[in-house]
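I have placed the structure first, in the form of structure tokens, so that the comments after it can refer back to it.
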Amino acid sequence: MYGSDRAGDDAELTAFRKTEKKYKLYYENSKSTKKKKQPKQVDLSEVLDFKSISESFNQNGELPPGVVHVNCGFDRPIFGLENRPGFYFIPGSLTLDEQCTWIRESLTNFPQPPNRTNHNVIYGPISNLFVAAKEGKVFVEEERSDNGLDSEPSASVGNGDSHRWKFYEEDIARARGKTCKTVPASVLLRKLRWSTLGLQFDWSNRNYAVSLPHNKIPNALCRLAKRMAEPAMPIGEEFRPEAAIVNYFGSGDTLGGHLDDMEADWSKPIVSMSFGCKAIFLLGGKSRQDEPLAMFLRSGDVLLMAGEARECFHGVPRIFTDEENAEITPLELRFSDEDDRCFLDYIRTSRININIRQ
């Protein structure tokens, strides 16, 4: 799902890949090793800004070409695209309280076993990763037969018969690191790319593994998803949240162009919620050769993709973590308490996306 640049001339790239490269984060070449790397300037003039579109529509009812207002009795403005049926953009849909709640949940509870994350394949299930990172713990791999450590670990995971990983205080881990593999919890947190809620997605076989143990999607998140999905649902039907994928982005991370095509019924929407730093979202067509539209995604925005829009390639080529463009001042103010410092430190350079499916 994550994209990578193909070798060769740009002429060989698809229209979608060319647009990805246009907006992707690149740095200026600098001969000085002491100088901080500066991002290359990007022309953002063609990126749709639904926040500005919504403000203009509320003031004078005007819309840019190709953008339509969806009049469905919802309690806030919803916009669509003339040439992308089934795509809905709800700018600023989530309150600041809701944003803070789901940022906390995404970091503390959603990656908890039995929910799976990208770390499972190497380390097995990891409990309390965010707490361990906050406390400066270190993950240590040791043989089961070695009981040489006096301190009790804060958490451990089994990973086969001969080895296991445990969290330890930094000084103990430092002594043990001469003979064992170690990795700081803070590094593991930054390398967290996805976690799954509800029915677990099997990335290897690209289907839902219904036999895998899992935690149900929280009731509050189900209620929120049902409410947000209403504009894209067939009349008389209610959205049934059954599975969710939480994506975690850091500076320079991208989500390459892809289709979400594993669900049986494409008439039901994917409900996609954004939190944290601003990003660019690309919505293409049914072929990678179709030139995609670029649009800003801000914290609190919600996307719905149903029907024909489910057949469209889409991705995230860029998140903005610099102070000027990240646009997270309201979150910074809300996370200003000392107890929330760990959430603030994370979200200042990160974006979280929760997408919920039936």
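Cβ from N, Cα, C; glycine included.
Predicted, not measured: the structure shown is a model, and the values here were computed from it.
For reference, TrEMBL has these:
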type    : residues               : note
BINDING : His258, Asp260, His314 : Fe cation binding site
DOMAIN  : 240-358                : domain 'Fe2OG dioxygenase'
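Averaged over the domain 'Fe2OG dioxygenase' (240-358), the predicted model reaches a pLDDT of 95. Of the binding-site residues His258, Asp260, His314, His314 has the largest number of other Cβ atoms within 10 Å of its own Cβ.
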